[in-house]
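Only one structure is covered here, and it is reproduced in the block below.
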Amino acid sequence: MAENEPQVQFKLVLVGDGGTGKTTFVKRHLTGEFEKKYVATLGVEVHPLVFHTNRGPIKYNVWDTAGQEKFGGLRDGYYIQAQCAIIMFDVTSRVTYKNVPNWHRDLVRVCENIPIVLCGNKVDIKDRKVKAKSIVFHRKKNLQYYDISAKSNYNFEKPFLWLARKLIGDPNLEFVEMSALAPPEIAMDPSLAAQYEHDLKVASETALPDEDDDL
């Protein structure tokens, strides 16, 4: 173990349909990208993402599927011993949100009670198809939800901070310095971000629809 290696480490699995931006998202963290390792037996890349908190550094070993989810589900070996997860969909593609319950089912079948964040990526694109009011799956399953835009770094740290607070058991945990991120490839429109934050707040205060399906 390297001298300044964080003592606190967690396996984080990143799941969701192919093309939703999972790899783009994890590659934003520059040291994680520089130090990633390829696990040939499972066909995954593991990115070590370190975050500095007021309780000391923590490391997420983020398992990224390297695109194999396009050929069907992932093997159990991918999920085994995961301590937390991010499920990602693309807000410009309804089918990727429709598949979220399948990813969640596979995940909790192997990892029963781990903290999970649902992320809707690509919110920088104006032509949004999956609106805040339609995103209800996380409320039914007690997950956390964030709009994100990997290419603009918008809300990049939010899923990791929420998971850290759950895993460490400290709701007041904070990140004390921001990780080095790749420069934004695009700018997130501040007025659009404000509108989406408002829409999510309104949606969170609206009663869930009665139907019992997962969409």
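Just so you know, glycine gets a Cβ as well, placed from its N, Cα and C.
Note that this is a predicted model, so its numbers are computed, not measured.
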Region 'Interaction with RANBP1' according to Swiss-Prot, located in which of 126-131, 210-215: 210-215
Cβ contacts under 8 Å made by the region 'Switch-I' (36-44) with residues that lie 6+ beyond its boundaries: 63-66, 68, 75, 77-78
Integer Å distance between the CA atoms belonging to Gln68 (site 'Essential for GTP hydrolysis') and Ala150 (GTP binding site): 20
Residue among binding-site residues Val39, Val123, Ala150 with least C-beta crowding, 10 angstrom cut-off: Val39
Average pLDDT across the region 'Interaction with RANBP1' (210-215), rounded to a whole number: 55
The region 'Switch-I' (36-44), counted residue by residue under DSSP: helix, strand, coil: 0 helix, 4 strand, 5 coil
Cβ-based isolation winner (fewest other Cβ atoms within 10 Å) among the recorded positions Thr20, Thr23, Gln68: Gln68
